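Q: According to TrEMBL, the domain 'MARVEL' annotation covers 15-148, 153-303. The feature transmembrane segment is assigned by TrEMBL to 20-39, 51-73, 85-109, 121-138, 150-175, 187-208, 228-248, 269-292.
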Amino acid sequence: MPVHKRTVVVGNAHTLKSPVGIVRILAAIFACVTFSLVAHSRAWYGRIGDLCMFSWCFCFVVTIIILIVEFAGVQSRMPVSWKNFPITFAMFAVLMCLSASIIYPLNFIEDKSYAGDRRTYEIVATVFSCLTTLAYIIEVSLTRAQPGEITGYMATVPGLLKVIESYIACVIFVFISEPPLYEGHDALKWCLSVYCICFIISVLVIIMCVGECTSWLPCAFEKFVSGYALIAVLFYASALIIWPIFQFDSKHGGNPRRPSNCRNFSGPYTLCVFDKAVAIAVLTAVNLLVYIGDLVHSARLIFITVL
């Protein structure tokens with residue numbers, strides 16, 4: 001009877017010892033410590049607390065999956081482009097953990113006069129959340145495309161900007177969720193349409209790159225993203241003009257002054273409708289700058305490709 005030798009699968013240990021692997025391990029450890037401290041002290045509640053916990057847990061789980069896949073060396077068997085997926089996730093993780101590092105202490109760290117263990121846990125959790133953000137920033141800097149390097153689109157500057165564009169749009173949707181902000185005039189509904197259209201296209205571009213579906217486009221991918229960036233700049237420029245006019249100009253039904261009842265909200269960092277309108281105007285301007293940078297870099301990619 002023949003003896004069958006059992007095949008032992010040896011992992012790619014060098015992937016864990018590389019600078020990127022070490023940074024990913026640190027990011028996973030920091031994220032785990034963060035949500036463990038918050039869960040142990042039960043120092044989270046409500047939608048904001050759930051959002052912070054989801055950010056830390058999601059980043060931890062996906063980072064562990066990436067480490068396991070690269071250690072096992074099965075990247076080619078994954079249903080996604082491994083040139084695009086890890087850095088796309090890392091960029092999203094930077095934004096998610098950065099947001100959690102800002103909104104968590106603002107909403108959950110108690111008064112300084114309170115010296116209980118819970119406040120200590122909250123402060124330490126905030127520190128580790130910042131360390132998690134820093135680890136993901138380092139990962140993005142290590143894995144992004146260098147000049148002259150052939151890699152996935154999401155590792156380039158326009159690809160990373162697509163992630164930022166879509167994330168800022170998500171934050172805008174959080175602020176614009178109340179109908180009174182956009183139901184007052186058709187022009188405000190146009191602004192909402194701008195945010196939705198640009199968000200959907202940015203997400204579709206990310207999905208096509210991660211899923212390696214760019215060949216489905218009827219034109220060259222570089223021309224598509226450049227044309228989209230140009231349209232998005234024009235759309236956001238119109239929204240940047242229209243939104244403040246119809247929100248803050250009394251001639252068009254807006255409110256130029258912050259109402260006194262904005263100060264009567266329950267939480268110190270709870271925003272009233274006027275504050276949300278201001279936040280949307282600021283985020284619109286920020287996203288417009290991001291789209292302008294995207295347009296410049298996308299046009300440069302086309303120029304290099306043509307040459």
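Note: Cβ is positioned from N, Cα and C throughout, glycine not excepted.
As the structure is a computational prediction, the values presented were derived from the model and not from experiment.
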Q: Give me the mean pLDDT over the domain 'MARVEL' (153-303), rounded to a whole number.
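A: Here the predicted model's pLDDT, averaged over the domain 'MARVEL' (153-303), is 85.
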Q: Could you give the residue numbers and ranges of same-chain residues that sit at least 6 residues beyond the transmembrane segment (85-109) on either side and whose C-beta is under 8 angstroms from one of its C-beta atoms?
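A: The answer is 27, 31, 38, 43-44, 48-49, 51-52, 55-56, 58-59, 62-63, 66, 78, 119, 122-123, 125-126, 129-130, 132-133, 136-137, 139-140, 143-144, 152, 154-155, 159-160, 163-164, 167, 171, 206, 209-210, 267, 269.
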Q: Against which stretches of its own chain does the transmembrane segment (228-248) lie, if we need a Cβ under 8 Å and a gap of at least six residues from its ends?
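A: Distant contacts of the transmembrane segment (228-248): 158, 165, 181, 184-185, 187-188, 190-191, 194-195, 197-198, 201-202, 205, 254-256, 277, 280-281, 284-285, 287-288, 291-292, 294-295, 298-299.
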Q: According to DSSP, how is the domain 'MARVEL' (15-148) divided among helix, strand and coil residues?
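A: Helix/strand/coil tally for the domain 'MARVEL' (15-148): 107 helix, 0 strand, 27 coil.
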